[in-house]
Amino acid sequence: MTFSSAEKAAIASLWGKVSGHTDEIGAEALERLFLSYPQTKTYFSHFDLSHGSKDLRSHGGKVVKAIGNAATHIDDIPHALSALSDLHAFKLKVDPGNFKLLSHAIQVTLAIHFPAEFNADAQAAWDKFLAVVSAVLVSKYR
């Protein structure tokens, strides 16, 4: 899927603001995911899932940094996320539906932290972008 120049600009602009807060944004998105969809906790039984835990901050940061990697390689997301796709499909065996749930939690978190920047156009671009990221992550499940 290709992105228009306006979509690329919206994604890059917001990523510029998010990139300095990856652990916080990621932890909050994961907390939101786990509160809204408790069944997603099953993959994290070895984590301390309490509010603000080191585990949530660390893993949340990794998630958001991976999204940042995709954002900075927006013209070749499959290559940028290839190793991560392998990990989720072959080792972790995460339910593919969880990526859509996490994408929603991330968008809500972005909207809360960056209300002026996360306008309708930015939301549409990020929704499309995260859908592509999710599709890439589940592409090796087949």
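Glycine too: its Cβ is placed from the backbone N, Cα and C atoms.
Note that the structure is a prediction, hence the values are computed from the model and not measured.
According to Swiss-Prot:
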type	residues	note
DOMAIN	2-142	domain 'Globin'
BINDING	His59	O2 binding site
BINDING	His88	heme b binding site
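Per-site Cβ counts within 10 Å over the binding-site residues His59, His88 peak at His88. His88 (heme b binding site) carries a helical DSSP state (H, G or I). DSSP classifies the residue listed as 'O2 binding site' as helix under the three-state reduction.
The two recorded residues, His88 (heme b binding site) and the residue listed as 'O2 binding site', show a Cα separation of 14 Å. Confidence over the domain 'Globin' (2-142), given as mean pLDDT on the 0 to 100 scale, stands at 94.
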